Amino acid sequence: MEGASNGGMLYHEVQESKLCAVHCVNTVLQGPFFSEFDLAALASDLDTKERQMMLEGTAAAGDFLSEESHNVSLGGDFSIQVLQKALEVWDLQVIPLDCPVAEPAQIDPELENAFICHLHDHWFCIRKVNGEWYNFDSLYAAPQHFSKFYLSAYLDSLKGSGWSIFLVRGNFPKECPISSSEASNRYGQWLSPEDAERITKSCNLTETQRNDIDQLPPEPVFSLDGTDVQFSDIEDEDLKAAIAASLMDSSPATASVEASTSKTENKDSQEKTA
């Protein structure tokens, strides 16, 4: 029986600047095969060929003759043509999911090996590794495991939200030299499935706790002598006790505050008289 690729490890890249296209290509290939400079070179080559074709053709060249690149934006977002060229180096095809040839993938996506997703300026890859599906979105700290059922539902959700989805087919690289010095970069990491699950759960727990804190009701504000103050800023213990009691009662808090203020003033007056 054939062993797991890359020793069962998952290759994931965490978002660096606006290099999501680089991260996407590398997670499709499951290794740090391309840098931003490699994709920029491909974009430049595509721009040159496109301008040449427009010059040789009879159609109006339009803004294709400008110096502005049509395959990489100033913000660093690469076109699908650049990703296609990069993956063609590894004999992989990138096919729009809504094409007739990709119809089987629309019906049974779990039988495929990889999908590329794009919306606005963000690219990410959904990839099957060693028989299991993962979302390798670089905005996540680790790849997120998908069940086969959830894969189909997730792709449908993306389509409904306006995402462009591309199917990747071909002979995917089987191994990447993990131990090689060339096989690492500042944003890539190798994770076991167990480590990926642990990191994902930790991030989800942190996010849940953050949401719980965000949903806490604001601290009560009371008016004292025409000035709004928060409960934590009140130093008089008798006044705090009166306010706390008023919160458990059906009467308005302001009434309790006024009563407590009066009580405090009477107490001070008695002490002075004594």
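Just so you know, the numbers here start at 1 and follow the chain as drawn.
Placed from the backbone N, Cα and C atoms, the Cβ positions cover glycine too.
For Cys20 (among others), the entry in TrEMBL reads active site.
If you look up TrEMBL, you'll see His122 (among others) marked as active site. Spatially close to His122 (active site) yet at least six residues away along the chain are Cys20, Leu139, judged by Cβ distances under 8 angstroms.
If you take the C-beta of Asp137 (active site) and look for same-chain residues 6 or more apart in sequence within under 8 angstroms, you find Phe124, Cys125, Gln144. What TrEMBL records for Asp137 (among others) is active site.
Residues annotated as compositional bias 'Basic and acidic residues' in TrEMBL: 264-274.
As annotated by TrEMBL, domain 'Josephin' applies to 7-183. Averaged across the domain 'Josephin' (7-183), pLDDT for the predicted model comes to 87.
If you look up TrEMBL, you'll see 248-274 marked as region 'Disordered'.
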